[in-house]
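Engineer: Quick one: the structure is below, questions incoming.
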Amino acid sequence: MARPDLHERISSLRKLRVAQERVRVRRQVGRRDGVRLEIDGRWLTGFCSNDYLGLSQQFEVVAALQDAAARDGAGATASHLICGHHTAHETLEREIAEWLGYPSALLFGSGFIANLAVQQALLSEEDDVCVQDRLNHASLLDATRLAGCRLRRYPHLDVEGAMRQLKGAPEGAAMLATDGVFSMDGDVAPLRALSLVARMQQALFYVDDAHGVGVLGPQGRGCVADAGLGVAEVPLQLVTLGKALGGYGAVVVGEEALVRHLAETARPYIYTTALPPAQVAATLAAVRLARRDDWRRARLVELIGAFRDGARKHGFELMASDTPIQPLLCGEEATVMAMSAALEHAGFMVGAIRPPTVPEGKARLRVTLSALHTQQQVQALIEAIVQARDVVSRQPLRASA
């Protein structure tokens, strides 16, 4: 039997994506100024980034990066367990753990790497199982597959479904894993109920709060704190540094024994160069601002309310989200692509989310809000969406990249 040719396979898959009009294209950003982006020589108002608190270009954050780069250079030069673990890394781990009320923390290069590290290190036997919400982030789902343990999924937000899946896999060690805020819907997991399920089934409860920390809860401590939970109920939690904190990387906070086990055994941690100290210094400055500046969260609450009120007024179908992620359901791919193009023509950058990222028939505009947006910009966006809907409804639709 002839071995399959990889180039032929890739070519066939590419042709299929073209036929389905699902080719993905990177847009090149020339410059950025707050929520404004220069793309193809035009300045657009962006409602598509994860810079929820507006910290990525904040003066103190940028100054911290510049000062640390001048002192420590561009990179860590080694993994954490060789000579890449700088004072900046240690300080950031300590302050994030203290902020979130956890005894220990461990830095990773990204949330994807962190989720893989957690599951590979903790679910190491083939009978082990990870039970997950069906709409969890791809990094959580892929991590289970790569770890080699069993994956069981329950319907979105279905606490009884989580219980059934755990009861149906009693043989090995178990983890119950969920997003805190779901990145495509913007809704929040029922953490208190899920924590009880995990306790009853002797499963480790793990929360990926990439989109919650910095935005929700007291002092921006995220979904876990907002639900009145802590390390006793959620022994392990993921925090990404590239969303509300405006930087790059991730931190896993948790029980000391669990975090120590990750540091000593997790291959994605052991065999990866540490984050650049300058980037870590910038994130440390962002953490301190996120803890201090409650006005940023208050501004977000106002903007979220204004957007939802305006969208409802014009008859748009909203999802159950009180977070900065505000999806507008459009249904078909062709519709959402045409809407996104019309908004760009009007001066706004809004992400068009389509299958396979979301289910068939659930394509949507994913509006994301930042504390740097103004009420005027939000109202202008709503007016532009209304106009785009009117234009799109009058023309034949064809999906495009």
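Every residue, even glycine, has its Cβ placed from backbone N, Cα and C.
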Engineer: Of His85, His86, His156, His211, which does Swiss-Prot put in the pyridoxal 5'-phosphate site with Gly111, Phe112, Ser183, Thr240?
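Structural biologist: For the pyridoxal 5'-phosphate site that includes Gly111, Phe112, Ser183, Thr240, Swiss-Prot also lists His211.
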Engineer: Where Swiss-Prot shows His137, Thr357 binding substrate, which of Arg24, Arg26, Arg27 is named for the same site?
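Structural biologist: Same substrate site in Swiss-Prot: Arg24.
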Engineer: Filter the recorded positions Arg24, Lys243, Thr357 down to those whose C-alpha lies within 10 angstroms of the C-alpha of Phe112 (pyridoxal 5'-phosphate binding site); answer none if the list is empty.
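Structural biologist: If one measures from the Cα of Phe112 (pyridoxal 5'-phosphate binding site), no recorded positions come within 10 Å, so the answer is none.
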Engineer: Write out, in the order they occur in the sequence, the residues of the chain not among Gly111, Phe112, Ser183, His211, Thr240 that have a C-beta within 8 Å of the mean position of the C-beta atoms of the recorded pyridoxal 5'-phosphate site.
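Structural biologist: Once Gly111, Phe112, Ser183, His211, Thr240 are set aside, the remaining close residues are His137, Ser139, Asp208, Ala210, Leu238, Gly242, Lys243, Ala250.
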Engineer: Near His137 (substrate binding site), which recorded positions out of Ser183, His211, Thr240, Lys243 have their CA within 10 Å?
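Structural biologist: For His137 (substrate binding site), the recorded positions whose Cα atoms are within 10 Å come to Ser183.
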Engineer: If H, G and I count as helix, E and B as strand, and all else as coil, what does DSSP give for Thr240 (pyridoxal 5'-phosphate binding site)?
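Structural biologist: The three-state answer is strand.
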Engineer: If you measure from the Cα of Lys243 (N6-(pyridoxal phosphate)lysine), which of the binding-site residues Arg24, Ser183, His211, Thr357 is the nearest?
Structural biologist: His211
Engineer: Within 10 Å of the Cβ of Lys243 (N6-(pyridoxal phosphate)lysine), how many other Cβ atoms can be counted across all chains shown?
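Structural biologist: Total other Cβ atoms inside 10 Å, all chains included: 26.
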Engineer: Here are the binding-site residues: Ser183, Thr240. Which has the lowest count of other Cβ atoms within 10 Å?
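Structural biologist: Lowest Cβ count within 10 Å among the binding-site residues (Ser183, Thr240) is Ser183.
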